[in-house]
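> This is the structure I have questions about; it appears just below.
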Amino acid sequence: MFKFALALTLCLAGSLSLAQHNPHWWGNRNTIVHLFEWKWSDIAQECETFLGPRGFAGVQVSPVNENIISAGRPWWERYQPISYKLTTRSGNEEEFGDMVRRCNDVGVRIYVDVLLNHMSGDFDEVAVGTAGTEAEPSKKSFPGVPFTAQDFHPTCEITDWNDRFQVQQCELVGLKDLDQASEWVRSKLIEFLDHLIELGVAGFRVDAAKHMASEDLAYIYGSLSDLNIDHGFPHNARPFIFQEVIDHGHETVSRDEYKDLGAVTEFRFSEEIGKAFRGNNALKWLQSWGTGWGFLPTTQALTFVDNHDNQRDAGAVLKYKSPRQYKMATAFHLAYPYGISRVMSSFAFDDHDTPPPQDAQERIISPEFDEDGACVNGWICEHRWRQIYAMVGFKNAVRDTELSEWWDNGDNQISFCRGNKGFLAINNNLYDLSQDLNTCLPAGTYCDVISGSLIDGSCTGKSVTVNEHGYGYIHIGSDDFDGVLALHVDARV
């Protein structure tokens, strides 16, 4: 009987895996933004007033379930569950459901960051969650679910990251490790995810996926309901799954164990793009970007310049604090035809534990904007930088076209076309790029969407005239505000 059940699980996993790679975007939209720690009401408004009109495809939201309350309210308290009640500092279940509906109505899908690996870590006394639920993490007692000690793996510490048992059955940074092979645990996780599906979400980012056995996740994913047709999804549509698997290429638990279950976060993309645009690797080598660099196949890779974790670490990863290089890297990310793209929207931080912007009562505050639409009160909002949202529009305009006419100067100046719909040039040298280059575009004058916008037929920034052969004179000065230029057919003057 066990062999039959296992075979059935594997069969279901195989038949559903391709469906779980589909993010269910509207039209030609194809970029996700992570609105890290935003409130549900603010996300709903952002969908209606900015993300929808600018062509964003979806939002990754912070964990929605009740979490532990930690002193100072660090961002990581959201990653320490107390129960699966939908009450956090971002809002309650009613506000969450309202956000999902309003975002779906304007073509912006919602993907929830979900915690299936663990509950909260030890607490000195009885812990209280954001919905008022009490728990005793040290005893592995979580009445709000309920979970008891029998629902967890035995307590042990990860000391050897090359030991599969430790990685998948011991406690990640002291967080109480759930036993996903347990029928009861599986039922509660499936119930939680199905509730979110009923509310209209399009899928899930699965936190700490490498710390769970892939066969257990296959069972859980395969047991989920189809997406809710009342929110515009077709019949039999499966939730989009993207899984956090940190794999630097030498891990005992490999990304390849998860890639057929759904997309996988391609951390090597983030690391290598940071090295390149920091000047530690010549941009000319990016011509073979993607699988040529040993990355996952394009439909299985969730790609990003930085995320909420690695932007807080030392190393090559670029973040908002290096804006010129960050914008160049993001432009390349969104222009090059590889991966399922996600852009980051951060809040300012000075140390690893900095909480999101909050008031004196420790309530998350709403972002405020200046006359140009940029955030001003502790929220960084990279997605509102013109150079980034303009590239979201570029990516929409060139969707389903191939890369062609790669050019480089043998160093850190590059350009390429996307079919006959788009052209990108980057200068990361300390001298000017001044060159007649093939843009592949039809003859005409085009607005550079990096330096300006096309408004009422006029360009507020640079413009490039393309001749009948598709060539245009491209100039990016070494001291220009931005080291990138982007043209596309929807920005023709």
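A Cβ is built for glycine as well, from the same backbone N, Cα and C atoms used for every other residue.
What Swiss-Prot shows for this protein is this:
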- Glu244: active site, proton donor (ACT_SITE)
- Asn117, Gln168, Asp177, His211: Ca(2+) binding site (BINDING)
- Arg205, Asn307, Arg342: chloride binding site (BINDING)
- Cys47-Cys103: disulfide bond (DISULFID)
- Cys156-Cys170: disulfide bond (DISULFID)
- Cys375-Cys381: disulfide bond (DISULFID)
- Cys417-Cys440: disulfide bond (DISULFID)
- Cys447-Cys459: disulfide bond (DISULFID)
- Gln20: pyrrolidone carboxylic acid (MOD_RES)
- 1-19: signal peptide (SIGNAL)
- Asp309: site 'Transition state stabilizer' (SITE)
> Using an 8 Å cut-off from the Cβ centroid of Asn117, Gln168, Asp177, His211, can you name the remaining same-chain residues around the Ca(2+) site, in sequence order?
His118, His153, Val167, Gln169, Cys170, Glu171, Leu172, Leu178, Gln180, Ala208, Met212
> Inside 10 Å of the Cβ of the residue listed as 'active site, proton donor', count up the other Cβ atoms and send me the figure.
20
> If you measure Asp309 (site 'Transition state stabilizer') to Asp177 (Ca(2+) binding site) at Cα, how many Å is it?
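Approximately 20 Å lies between the Cα of Asp309 (site 'Transition state stabilizer') and that of Asp177 (Ca(2+) binding site).
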> Please report the distance from the Cα of Cys103 (disulfide bond) to the Cα of Asn117 (Ca(2+) binding site), rounded to the nearest angstrom.
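Counting only the Cα atoms, the answer is 28 Å.
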> Spatially speaking, which of the recorded positions Asn117, Gln168, Glu244, Cys381 is closest to Cys156 (disulfide bond)? Use C-alpha to C-alpha, please.
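Result for Cys156 (disulfide bond): the nearest of the recorded positions is Gln168.
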> Identify, among the disulfide-bonded residues Cys47, Cys440, the residue whose Cβ has the fewest other Cβ atoms within 10 Å in this structure.
Cys440
> Quick one: pull the CA-CA distance for His211 (Ca(2+) binding site) versus Gln20 (pyrrolidone carboxylic acid), whole Å only.
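So the alpha carbons of His211 (Ca(2+) binding site) and Gln20 (pyrrolidone carboxylic acid) sit roughly 20 Å from each other.
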> Distance check, please: Cα of Arg205 (chloride binding site) against Cα of Cys381 (disulfide bond), rounded to an integer number of angstrom.
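Answer for this pair: 20 Å between alpha carbons.
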> Cys440 (disulfide bond): which of the recorded positions Asn117, Gln168, Asp177, Glu244, Asn307 is the nearest Cα neighbour?
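Closest recorded candidate to Cys440 (disulfide bond) by Cα: Asn307.
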> Using all protein chains shown, find which of the binding-site residues Asn117, Gln168 scores highest when you count other CB atoms within 10 A of its CB.
Asn117
> Taking every protein chain shown into account, which of the disulfide-bonded residues Cys156, Cys375, Cys381, Cys447, Cys459 has the largest tally of Cβ atoms within 10 Å of its Cβ?
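Buried the deepest by this measure is Cys447.
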> Quick check: which same-chain residues outside Arg205, Asn307, Arg342 lie with their CB within 8 A of the centre of the chloride site CB atoms?
Ile32, His34, Gln60, Asp113, Phe242, Glu244, Thr265, Leu302, Phe304, His308, Met344
